[in-house]
């Protein structure tokens, strides 16, 4: 484990630095060498075929294959008050449905997890907008579904896979005599809004409505005609109101989901509808978990209690926030929305944990700029098996941005990509759009 002086390096490393390939330079005595990223990144192109097994990142094989798995789930009643223990070292905003991998070595945390396994396996993850914030107002319950204990250098370590379940509002926080923090929370309900046309159409005639059969593929002209015909029939009752059909479609869950799916297909050309949740609530959380937004925006999404409003906000963010800059510099562009792609079944971004217990939500992109590479490539504890990682820092302020991943075999595709940590990125609205300053643009929140 890293010493006190190496805490920052421990947060950025996936494992110890081990050379994957012999260094080109003869100066092999330097433990760490700085390399400025060359034109290789700028010339990177999107590969036509991805032969990487996208199920590997979601399985978190780096935690070990022999984890004890649990079945069933714990759900609390809406608006009920619960007292749930808090894991203090989990500094991320967990979204319901999002997977949270953990590696815990502190005796207090190990003891707490053991007790949770004997009960309902549920703990609280508090949502802080920044590390200086002392009290959180919202959070998400997390349920452990896989667990493993082992010893590393005589230290007991617990490896956990958990999943976000329900949003809550924090009512009270108190610390027990054993140091474990307990949170009294109120479970927040999901507001399910009726159909936009429900007020003007007779429910008795719903069974008489006939809709065209859904196309198998969305890539041909027939699909576009099908959707236009479907929209006309779905909103035909708008003719009886004072408002146009397009206005109702802005608050229709199915229409919003379809527009977001078109954006997601730009990140993953092989995306299939059956791999996405059909329920608007689950779908909205799935999208929220893979959006590269900062903590302030993410908490705003977590506060929203309606799937339709959440979908509207997500679509607005995807359309406007097209540039990702260094959070420390705020003006140094690292990548753009067009470079995002998916190398995992859960989308372009997911949470991973390094051997030191630091959780990073990592976004995969083809191309990144204004970055320096630190050290040599290493395959130790790689979140993407078959790829070696190298620490990447901002070229201007030297803050940690993520990692560059390079394939260890020539037949792998893509040969290289970047994994950028969400906490280091700042979503930005380019000034060229609509000639409006980003500070004056208001998102649909």
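Going from the start of the chain as shown, residues are counted 1 onward.
Cβ atoms here come from the backbone N, Cα and C positions, even for glycine.
Quantities reported herein were computed from a predicted structural model and do not represent experimental measurements.
Going by Swiss-Prot, these are the annotated features:
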BINDING   326, 329, 394, 397  Zn(2+) binding site
BINDING   381, 383, 389  (S)-thalidomide binding site
COMPBIAS  24-38  compositional bias 'Acidic residues'
DOMAIN    84-322  domain 'Lon N-terminal'
DOMAIN    321-429  domain 'CULT'
MOD_RES   25  phosphoserine
REGION    1-48  region 'Disordered'
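Features recorded in Swiss-Prot, as mapped to the structure shown.
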{"residue": "326", "record": "Zn(2+) binding site", "CB count, 10 Å": "23"}
{"residue": "329", "record": "Zn(2+) binding site", "CB count, 10 Å": "16"}
{"residue": "381", "record": "(S)-thalidomide binding site", "CB count, 10 Å": "18"}
{"residue": "383", "record": "(S)-thalidomide binding site", "CB count, 10 Å": "24"}
{"residue": "389", "record": "(S)-thalidomide binding site", "CB count, 10 Å": "24"}
{"residue": "394", "record": "Zn(2+) binding site", "CB count, 10 Å": "20"}
{"residue": "397", "record": "Zn(2+) binding site", "CB count, 10 Å": "13"}
**Averaged pLDDT, computed only over the residues in the domain 'CULT' (321-429)** = 94
**Request:** Quick one: pull the CA-CA distance for residue 389 ((S)-thalidomide binding site) versus residue 329 (Zn(2+) binding site), whole Å only.
**Result:** 24
**Asked** In the domain 'CULT' (321-429), how many residues does DSSP assign to helix, to strand and to coil?
**Response** 6 helix, 55 strand, 48 coil
**Complete:** Between the C-alpha atoms of residue 381 ((S)-thalidomide binding site) and residue 326 (Zn(2+) binding site), the distance in angstrom, to the nearest integer, is 26
**Request:** Rounded to the nearest Å, what's the C-alpha distance separating residue 329 (Zn(2+) binding site) and residue 383 ((S)-thalidomide binding site)? Just drop the number here, would you?
**Result:** 27
**Fill in**
Residues lining the Zn(2+) site besides 326, 329, 394, 397 (CB within 8 A of their CB center) are 325, 327, 328, 330, 332, 370, 395, 396, 398, 399, 401
**Request:** Measure from the CA atom of residue 383 ((S)-thalidomide binding site) to the CA atom of residue 397 (Zn(2+) binding site) and give the result in Å, rounded to a whole number.
**Result:** 26
